[in-house]
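Below: the structure, in structure tokens.
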Amino acid sequence: MQEVNQSVVSEFIILGLCDSWELQAFFLVIFSSLYLSTVLGNIFIVVIIIIDLHLHSPMYFLLANLSFIDFCLSSVTTPKMITDFLKENKTISFGNCMCQIFFGHFFGGAEMILLVSMAYDRYVAICKPLHYSSVMNRHRCIRLVATSWIIGFVHSISQLVLIVKLPFCGPRELDSFFCDIPLVIKLACKDTYVLEMLINADSGILATLCFILLLISYSHILFTVCLHSKDGASKALSTCTAHITVVVLFFGPCIFIYLWPLSITWVDKFLAVFYAVITPLLNPAIYTLRNKEIKNALKRL
């Protein structure tokens, strides 16, 4: 029994996005282009913020970290998905599967907290401008970024320890293009109902709490500015639109995947693609296209 169990859990079979070779060839071109754009876009933002002295401010320090996390997050699953389009038999080893789960939740959790930090930065800048330089000093910015990485790590490791020792001795097919806990845990040969509830609560509560904090922060920004200026709402909305757009695009799929009680395969695959491939690409596009200082930095190159 021990030998069978070890042979079964040595690897999982990934069913991918579809069975059609024509569609897979199409997806290969599309997702390769998207991933290349994601890598170049996010690295470009990090580099331009580092080399341009005009962008050495708390907001752009946080933005550079966000771009780095987006680059890492997309690199956890997308390269594997792209190479699998070229293979007939798509598999992933047990160890690599656990690595995907760990780093996916690590970078995802870190990004959630970092988005809250960016909302806090905008709150101080707009609602308490006279105290901005003293509140958002260099040490505070470093602590905010360090906190996001630490919480991301704690969240990820708490998820991993719950599933890494589960017995896998039955089906080993994952109907997706990468390993994620809701799919992997269903392959365990024991009752995992309570464990599924705990894991979904962990991810769902973290995402929901961060999302609520972000909604409160940006609502307070708009309300505060409206009280002090006739056209304050439009100015505040213009300043925060990019942040709000990124928040909705990032948290929407997360909350749906982990809190929605029903599992619909094609919906789950679409949301997974959107979360892992599209969102990391949209972040640099949104911030670059809507940000005047980034545009001015491009002109100075």
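Glycine residues also receive a Cβ, built from the backbone N, Cα and C atoms like all the rest.
Curation plays no part in TrEMBL annotations; they are all automatic predictions.
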(message) Of the ranges 6-24, 272-290, which one does TrEMBL flag as transmembrane segment?
(response) 272-290
(request) Report the mean pLDDT of the predicted model across the domain 'G-protein coupled receptors family 1 profile' (41-287), rounded to a whole number. (result) 84
